[in-house]
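Swiss-Prot has this to say about the protein:
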- 508-522: compositional bias 'Basic and acidic residues' (COMPBIAS)
- 523-534: compositional bias 'Polar residues' (COMPBIAS)
- 560-569: compositional bias 'Basic and acidic residues' (COMPBIAS)
- 685-711: compositional bias 'Polar residues' (COMPBIAS)
- 837-849: compositional bias 'Basic and acidic residues' (COMPBIAS)
- 851-860: compositional bias 'Polar residues' (COMPBIAS)
- N287: N-linked glycosylation site (CARBOHYD)
- 369-380: intramembrane segment (INTRAMEM)
- 381-388: intramembrane segment (INTRAMEM)
- 1-22: region 'Disordered' (REGION)
- 503-534: region 'Disordered' (REGION)
- 549-571: region 'Disordered' (REGION)
- 637-665: region 'Disordered' (REGION)
- 685-739: region 'Disordered' (REGION)
- 760-865: region 'Disordered' (REGION)
- 892-911: region 'Disordered' (REGION)
- 381-386: motif 'Selectivity filter' (MOTIF)
- 1-190: topological domain 'Cytoplasmic' (TOPO_DOM)
- 255-265: topological domain 'Cytoplasmic' (TOPO_DOM)
- 318-332: topological domain 'Cytoplasmic' (TOPO_DOM)
- 425-911: topological domain 'Cytoplasmic' (TOPO_DOM)
- 191-212: transmembrane segment (TRANSMEM)
- 233-254: transmembrane segment (TRANSMEM)
- 266-284: transmembrane segment (TRANSMEM)
- 297-317: transmembrane segment (TRANSMEM)
- 333-354: transmembrane segment (TRANSMEM)
- 396-424: transmembrane segment (TRANSMEM)
Amino acid sequence: MAEKAPPGLNRKTSRSTLSLPPEPVDIIRSKTCSRRVKINVGGLNHEVLWRTLDRLPRTRLGKLRDCNTHESLLEVCDDYNLNENEYFFDRHPGAFTSILNFYRTGKLHMMEEMCALSFGQELDYWGIDEIYLESCCQARYHQKKEQMNEELRREAETMREREGEEFDNTCCPDKRKKLWDLLEKPNSSVAAKILAIVSILFIVLSTIALSLNTLPELQETDEFGQLNDNRQLAHVEAVCIAWFTMEYLLRFLSSPNKWKFFKGPLNVIDLLAILPYYVTIFLTESNKSVLQFQNVRRVVQIFRIMRILRILKLARHSTGLQSLGFTLRRSYNELGLLILFLAMGIMIFSSLVFFAEKDEDATKFTSIPASFWWATITMTTVGYGDIYPKTLLGKIVGGLCCIAGVLVIALPIPIIVNNFSEFYKEQKRQEKAIKRREALERAKRNGSIVSMNLKDAFARSMELIDVAVEKAGESANTKDSADDNHLSPSRWKWARKALSETSSNKSFENKYQEVSQKDSHEQLNNTSSSSPQHLSAQKLEMLYNEITKTQPHSHPNPDCQEKPERPSAYEEEIEMEEVVCPQEQLAVAQTEVIVDMKSTSSIDSFTSCATDFTETERSPLPPPSASHLQMKFPTDLPGTEEHQRARGPPFLTLSREKGPAARDGTLEYAPVDITVNLDASGSQCGLHSPLQSDNATDSPKSSLKGSNPLKSRSLKVNFKENRGSAPQTPPSTARPLPVTTADFSLTTPQHISTILLEETPSQGDRPLLGTEVSAPCQGPSKGLSPRFPKQKLFPFSSRERRSFTEIDTGDDEDFLELPGAREEKQVDSSPNCFADKPSDGRDPLREEGSVGSSSPQDTGHNCRQDIYHAVSEVKKDSSQEGCKMENHLFAPEIHSNPGDTGYCPTRETSM
């Protein structure tokens with residue numbers, strides 16, 4: 001029969017992993033529980049077997065299985081969900097399809113629509129080398145990659161050249177930069193565009209004037225009878241030259257690098273466009289004589305011819321002309337090959353046609369050099385017709401020359417055309433890239449685009465997440481303060497545990513934490529297990545939430561619930577020393593050894609009484625006589641009567657006598673009554689047991705099978721105050737708390753009985769009982785355990801019982817339970833117990849004389865469904881020392897699921 005969740009408890013909810021990273025054991029469990037794993041890449045889910053990813057262990061996905069901590073997982077993936085066994089990668093989902101197929105088939109292919117550089121980046125991210133590409137995709141991948149790298153290199157060079165224009169080392173850098181952009185970058189502003197248009201108009205006007213000056217109708221005759229330029233056209237040309245000169249000088253003055261400016265091809269063209277005009281004026285005005293004038297006139301004619309170079313100034317404003325020039329410069333190999341082929345063909349065919357036509361009358365092929373012209377126009381398929389062969393042999397040579405010319409010219413021309421096309425596209429792309437870069441810079445200056453480093457953005461987002469978590473925690477505390485206690489998830493603290501702690505030989509780590517609050521008579525004994533890998537994480541969470549919800553709702557008085565405020569705690573130290581007393585023979589009571597849970601006083605008292613000892617802690621040898629038992633637990637500072645009630649050890653009920661609180665004193669057991677003498681200031685505070693009616697019948701000797709006497713001990717209590725107040729922390733944290741240590745010594749063996757104490761796990765999971773119970777519950781730890789005889793069994797009376805248990809853990813945290821401790825702890829356990837009742841009709845939870853009933857608090861959460869059959873498997877040969885057995889005390893749902901790879905080890909009990 002499954003347990004029912006308390007009202008308001010959502011059993012499907014798990015611990016929030018938004019702010020608290022999971023334990024390594026939870027990560028390992030999530031990976032081992034399933035053979036498949038979900039890979040979410042860019043929102044596209046893929047499901048693959050773990051063994052498929054193990055084929056490439058050095059890749060990113062291959063390392064995913066070996067990551068068992070939160071930090072290592074975030075180094076491999078971007079996010080993960082352990083409940084869904086899903087890992088998220090914020091990458092290109094299309095490229096991941098090819099990569100995942102490589103894990104499955106061992107064949108790596110690149111999709112047709114993928115960019116080569118993008119696919120290469122994806123391969124680098126997933127840790128796969130590009131050499132694994134198949135031959136069908138490798139050529140295409142490398143070709144596209146080389147092409148893109150070349151374009152990026154050129155773009156980087158262009159941008160570096162433009163960014164290298166620094167004006168910081170010159171005078172008036174801002175003004176010079178603006179002037180340089182105005183003259184060299186027509187697209188930088190509207191004024192620059194207007195200036196470029198005006199410059200183009202001047203170039204066209206100068207070219208037209210140069211052409212019109214050659215018309216005889218417009219020319220003028222001087223005194224020497226020579227034709228000169230028209231005066232009106234000369235004035236137009238002078239204005240154009242003045243504009244060109246001013247433009248050239250402004251470019252030179254505003255240029256960041258003067259030498260680089262002189263070497264520029266466009267600047268050389270500008271200089272050649274204006275230089276002949278000034279040379280002509282200088283030569284004409286300096287030589288007035290007739291003889292000198294005739295010589296100078298020839299030179300001037302040469303410079304006048306150079307004026308036609310002004311048309312090349314249009315290349316500054318034309319991308320096509322710039323592409324043509326750069327294409328010829330980049331295609332010099334192809335051009336050289338073309339010229340070589342033509343030269344060889346001309347030489348061969350001119351020689352052949354000369355020997356074929358030299359014997360003819362009135363032949364025009366008089367020599368081989370004279371035949372070059374025919375071979376050239378024939379190979380280029382021009383054919384002017386001014387010279388041609390007449391003989392049959394000469395015509396055959398002419399036909400072969402035409403075919404050879406077509407083949408020779410046709411081979412390198414396509415290469416030159418492709419270069420021109422590619423360079424033209426590249427020029428256009430670079431112009432757009434420059435415009436885009438300038439637009440982005442303007443947008444950044446205007447604040448339209450915010451540039452941020454990815455690491456800074458991630459750090460900022462993490463800070464916002466922390467703030468959101470803190471705000472959520474504060475709002476939860478203020479809104480649900482009535483239902484919030486120290487077990488609520490809002491008060492959980494994260495404590496990193498090493499893997500060695502969770503996998504050590506210790507099966508359980510006993511921790512104690514006492515909660516004593518203002519206006520509350522409730523005492524909680526919370527324990528934590530350091531081996532959560534034996535149970536399912538989801539069930540641990542469900543049980544933990546169940547305990548959290550059950551305790552506040554089971555309290556009859558809502559005012560007695562926990563408040564967020566906690567008074568400061570102080571430290572008590574109780575030491576236990578042996579007191580030599582006369583040995584007496586203890587009468588052996590003829591009572592039957594209890595081997596069934598039905599004969600115990602309470603199921604809850606039995607299920608919470610098991611102590612765990614490792615194999616190294618069990619020793620048949622008696623411990624040293626001068627042994628000490630230190631019990632540490634936090635208590636509250638006395639301030640009110642309620643604080644005085646809750647100040648003692650766990651499950652220790654002090655008398656309600658008036659008087660000042662004692663700090664130091666001695667706690668002893670009287671022969672008849674169990675009392676606590678606190679004689680720090682002369683006052684005493686008695687501890688009275690509600691189980692005094694059965695003192696004489698229960699003797700420790702009754703359970704001993706030997707005649708070894710039991711030493712009597714005195715009890716001394718030392719209280720030490722610790723003023724520093726510490727907040728209530730969950731049991732899972734490993735931080736030291738203000739504790740109370742107690743040392744007890746037994747003065748009268750007649751008042752000693754045995755109870756099995758077991759910690760209540762903090763998350764509701766109940767570990768399988770496994771303990772070796774000795775006569776006085778032997779618990780050696782680091783030389784601090786008391787001396788006892790051999791490990792024997794106590795027979796329990798059917799009536800009331802008192803107990804003393806020593807528990808030792810690896811963290812030196814001990815527990816103490818005295819008579820009357822369950823007055824406020826346990827009254828009714830039936831609401832949450834779903835197991836079948838004993839057949840004899842008696843309710844073991846209501847056994848007479850078992851506990852006092854001063855508080856109606858429900859402790860049913862300590863019960864589970866198969867609790868009555870827990871000890872029924874104990875054999876009757878419990879008198880044999882060291883007998884071990886398996887104890888299946890709890891519900892089957894506590895154990896690991898059959899599908900889980902984790903194991904749930906059984907515990908051992910020696911009865």
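Cβ coordinates come from backbone N, Cα and C, glycine included.
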What is the pLDDT of the topological domain 'Cytoplasmic' (255-265) when averaged and given as a whole number?
84
Between the stretches 233-254, 266-284, 333-354, which one has more Cβ pairs under 8 Å with the transmembrane segment (396-424) than any other?
333-354
Tell me the residue counts in helix, strand and coil for the topological domain 'Cytoplasmic' (255-265), as DSSP assigns them.
7 helix, 0 strand, 4 coil
If you run through the topological domain 'Cytoplasmic' (318-332) with DSSP, how many residues end up as helix, strand and coil?
13 helix, 0 strand, 2 coil
Based on DSSP, tally up the residues of the motif 'Selectivity filter' (381-386) by helix, strand and coil.
0 helix, 0 strand, 6 coil
Can the transmembrane segment (297-317) be said to touch the transmembrane segment (333-354) if we require at least 3 CB pairs below 8 Å and skip pairs under 6 apart in sequence?
no
In the same chain, who gets a Cβ under 8 Å from the topological domain 'Cytoplasmic' (318-332) while lying at least 6 residues past its ends?
265, 312, 415-416, 419-420, 423-424, 427-428, 431
Six or more residues out from either end of the transmembrane segment (333-354), which same-chain residues have a Cβ under 8 Å from its Cβ atoms?
365, 367-372, 374-376, 378-380, 389, 394, 397-398, 400-401, 404-405, 408-409, 411-413, 415-416, 419
